[in-house]
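Engineer: These came from TrEMBL, pasted as-is:
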BINDING   A:GLY152, A:VAL153, A:SER154, A:ARG155, A:SER156, A:GLY157, A:LYS158, A:THR159  ADP binding site
Protein chains: 2
Amino acid sequence: MKRTVFFISDGTGITAETLGHSLLAQFDTVDFDQITIPYVKDEEKVRDAVSRINKAAMSDDMPPLVFSTVINDDIRVMLSQSKAFMLDIFSSFLKPLEGALGAESSYSVGKSHSIVDDQSYKVRIDSVHYALDNDDGARTRHYDMADVILIGVSRSGKTPTCLYLALQFGIKAANYPLTEDDLDDLNLPKALREHRSKLFGLSIEPERLAAIRTERKPNSRYASINQCESEVRGAEAIFNRFGIPYVNSTHASIEEISTKVIEAAGIKRRLA
Amino acid sequence: MKRTVFFISDGTGITAETLGHSLLAQFDTVDFDQITIPYVKDEEKVRDAVSRINKAAMSDDMPPLVFSTVINDDIRVMLSQSKAFMLDIFSSFLKPLEGALGAESSYSVGKSHSIVDDQSYKVRIDSVHYALDNDDGARTRHYDMADVILIGVSRSGKTPTCLYLALQFGIKAANYPLTEDDLDDLNLPKALREHRSKLFGLSIEPERLAAIRTERKPNSRYASINQCESEVRGAEAIFNRFGIPYVNSTHASIEEISTKVIEAAGIKRRLA
């Protein structure tokens, strides 16, 4: 069964997509065709959206689902006249929230709010540049500024996790690769010793690591299962020997790895 | 007025946070203290969450708000016995969705779904490494693989935008800095000429650019308002001369810049 789904917003559409993806993941027997229409702020754009919804309704012979975070009343009324099954996310929660808070939302008073905030922009950008400058052990002299230092073997997921921590949470994350020398003598590299409390390990199943490395360097010693097994065993031995908390990144999404790091390391999110 | 807000999930908590942040942004007269409790999957963790909620209720002398995406019924019942005002996100939408789809959700049949998917993990990681390898004009020979090539002056937001496009949408985005030479003769750098259709510009207000550059190199020519004005004017002249679409990144969040690039350049999201 195929159903068309629209994520419609007067902003980026990311809230509608995020909630929509989580909800649709609960229906694994249905095949969804997903379309995002952001910045639906004027009559022309809402007319265009309605016409795309109605076209999909015709070709699917079923009403499309619409996840909407549109705030403006006029636009919401126009959208509701399309041939869609509407899930109006904001209106479902804002009324109860107004009651609980005893305060009017700007939704009620008719103005929308941007999520832009110069301070949090700066925190995120600084964290992204911190992650880039302190990637892969490139520099170690700024580790006193790190919120966390991820360690693990090559391609265990350190770099994407550091970047996600920066972009999503404004966290300053450095990362340092454990090399064969470290793994052979089960020692903590010198640069890391004085930052023990900030260290966090990433581990991974050797088979998965070999598959990832094979994409990069097929038929190399680097990608061989023996090499991967020995490196992973060494890395976990170091984590255990020095009491460094770690998570296994195999079959985990970047969101899951990142939030597990935050939770296990007890790091504060810098963006609210 | 201060209210405590909890985002509670049996997964990462990111869906609850994303929706919660959007909703709370509508109440600008209230000061929120925000706490995320992810991976609430067993009795011990839910008991701990309930006790933190009840403690906040006591000290605020008001019921905390709880945004929950917990799926498990037993955990939801335990949470609902806390002294909180509950916003149960999944249960609000899953029943209507089941009706609209004529299908049972795995919520109803009692199993939860992970968002992990090896294929989309690979797409994202590949895109992150593509962004890193093709950052700041470092290489230009892989531009045929790019979904988009961002161009603009130094510190106009190219790198964080490329990384966000990679992590959030699995889009391969390269970026290339416009240098003084390019800006002086208003020409498109040679490496970019054969990729005209993939180019997308980022502009920024000179005052904002000067402020950002001053953080990095105070009192430098690079950060001076004259230099910033002249570079931005040159960049926009190039965008206009060669018909390159562009957005202004001043006062825009990374999400906004990224989604505007996707929309204006007509790029397909690679993650559903």
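Cβ atoms here come from the backbone N, Cα and C positions, even for glycine.
Just so you know, TrEMBL annotations never went through curation; they're auto-generated.
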Engineer: Which residues in the same chain, at least 6 apart in sequence, have a Cβ under 8 Å from the Cβ of A:THR159 (ADP binding site)?
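Structural biologist: When sequence neighbours closer than 6 are ignored, A:THR159 (ADP binding site) has A:ALA131, A:ASP135, A:ASP136, A:ASN175 within Cβ distance under 8 Å.
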Engineer: Chain B sits near which of the binding-site residues A:SER154, A:SER156, A:LYS158, counting only a Cβ gap under 8 Å?
Structural biologist: none
Engineer: Compile a sequence-ordered list of residues in the same chain as A:SER154 (ADP binding site), six or more apart from it, whose Cβ lies below 8 A from its Cβ; state 'none' when nothing qualifies.
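Structural biologist: Correct list: A:PRO177, A:ARG213, A:TYR222, A:GLU231.
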Engineer: Over all shown protein chains, what is the count of other CB atoms within 10 A of the CB belonging to A:SER156 (ADP binding site)?
Structural biologist: 28
Engineer: So which other residues, same chain and not among A:GLY152, A:VAL153, A:SER154, A:ARG155, A:SER156, A:GLY157, A:LYS158, A:THR159, have a Cβ within 8 Å of the centroid of the Cβ atoms at the ADP site?
Structural biologist: A:ASN175, A:PRO177, A:LEU202, A:ILE204, A:SER249
Engineer: What three-state secondary structure does DSSP assign to A:LYS158 (ADP binding site)?
Structural biologist: helix
